[in-house]
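Database features, via TrEMBL:
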- 52-72: transmembrane segment (TRANSMEM)
- 101-121: transmembrane segment (TRANSMEM)
- 133-152: transmembrane segment (TRANSMEM)
- 159-182: transmembrane segment (TRANSMEM)
- 202-224: transmembrane segment (TRANSMEM)
- 289-310: transmembrane segment (TRANSMEM)
- 322-340: transmembrane segment (TRANSMEM)
- 352-374: transmembrane segment (TRANSMEM)
- 380-407: transmembrane segment (TRANSMEM)
- 464-483: transmembrane segment (TRANSMEM)
Amino acid sequence: MAEEATPNEELPVKQQDNGDVVAAVGCCTSTKRFFLYDNHRRDVQAFYFNQFGRSILFISFMFLSLGVLEFANKQAGCPQNENGTYQNCDKKVYGMQASSILSLMAIIGGLSTSVFMPYAGAVVDYSDHRLGFGRFCAALLTLVNFVQIFIFENTWYAMVILQSIIAAATFMANSMVMWSYVSAPNDHDLHGITASGRVWETFGMLSFFVVVGGVQIGTGWGSISLARFSQALATGVGGINLFLAYTRYSPVKAVKVLEEGSNLYLAGLFELKNTMTSLNKNEPAAARFLLGSVFVEASISAFTNLAITYLSGQIEMTSTSITIFIVVVLACNPFGVIVHRSLSRKIGHKRSYVSCVGFTTIITALLIACVYTPDDDKIAFIFAILFGISFGWYYPCSNGFFVSLVPEEKVTELWGFNRYSMNYFKQALLSVIQQSSRFCSVILSWVPPMIFAALNESTGNLRIGLTGMIMFLSIGFVIALTIPSNNASARGNDPAGKDDVELAHADDQLAQ
């Protein structure tokens, strides 16, 4: 039986012996639809270029962090091991322990992004400058990465501030503009476009890790030289892809009218307030879910930042080993998607979601209990697999659970909450759900790193610092248990076919 062509896609044809002409769906066609679904549209091409470029500009932060840590430890005077790593010590640099520097970056980044998001969302929705705003943020993001090439002993702390304030805010703003352009005439095409976009996003991150990791192994460069190379590579490849993206977007008029006497920032804040009030009144189950996700996603989004510090300071892993650890986490995401698909259909969205949060809480506790000396470095890679499965499981199951809690006809009312492009296309339901969760993660994303830094500064123990993650996960778990599930959620059914939200991959959450 021939596969049907979607409205936006022409399939190749072939003529049978009896003269009938039928669609010919072969390997090449399927591969193209997987990577380049509906790519004849310029806005879809822009989406793919943006996904690939921004993922590279984001992931380069991992290598920059390792360079920052080395400079901080060296300037603080912490003892250095034979393998080039540094021991965690209580000596201060810029008024704090070296092991608290990355937490400081996460704290400032979370706060600056939270403050900037209402304004950025209002520019997208209430002004005619969406395209210009996106171009400016993409250019500034690329420029910051270029400047970070010049990380030296007397500039590394300035790079921390640049990354925390400007890079974090512009990355999020570019994402908001990107998702505001995502549209399709029907859900089927929307799933296809977002799926291909996720493929390019994932491919960008993994390929960047492979290239930079290969250069590190081949050259033997240390963390600082590797940080400079990664920023140079990210600037070139990521910047070019963002340029190609924004040459394909078209100007868009405002989708909402700014009230007289108001300004963009106030409009963004009031939109958030009104949406949350309406949500709590009309859909209390969904509101409770978002409350819980504030805690869960804040913890998960802090994982990468805190993990780099923990593996470097507590386990004294080399930068090469840490790179491999992160690659394993990303590579195991698809296995988590498989777990989600299996469990959500068998036990329902709520139980799958609760199980996932519980699983993540347990493995975080086990990491602290079992991996705390340099001799445990091999065991750490087992946890890389477990966390990779956990993150790959979490995002699709949380999105699927949220969708099941809200009637489809009411989802567009929640568009204002995700702050990306309110009331633009009803079919962009997946984007709404994904970005709503992303906004929740930003609200308190700075708290787990703050707890980590506070406990580390007061006790000098990185293991105790990680308990903040367990605290937030536990709060989210308890809240999740109290969420009433509707019939669709209980059965594991997928209203409007939204179970394909496995496309929401852990990459961006790592970014935040």
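Cβ coordinates come from backbone N, Cα and C, glycine included.
Long-range contacts of the transmembrane segment (289-310) within the same chain, counting only residues at least 6 positions beyond its ends with a Cβ under 8 Å from a Cβ of the stretch, are 62, 65-66, 69, 99, 102-103, 105-106, 279, 322, 325-326, 357, 360, 387, 391, 394, 398, 401-402, 405, 417, 436-438, 440-441, 443-445, 447-449, 452, 462, 465-466, 468-469, 472-473, 475-477, 479-480, 483, 506, 509-510, 512. Tallying C-beta pairs under 8 angstroms between the transmembrane segment (202-224) and each of 52-72, 101-121, 159-182, 322-340, 464-483 places 52-72 first. The list of residues near the transmembrane segment (322-340) in space but at least 6 beyond its ends in sequence, with Cβ under 8 angstroms from a Cβ of it, reads 62-63, 66, 202, 205-206, 209-210, 212-213, 216, 304, 307-308, 311-312, 352, 356, 380-381, 384-385, 387-394, 396-397, 400, 502, 505-507.
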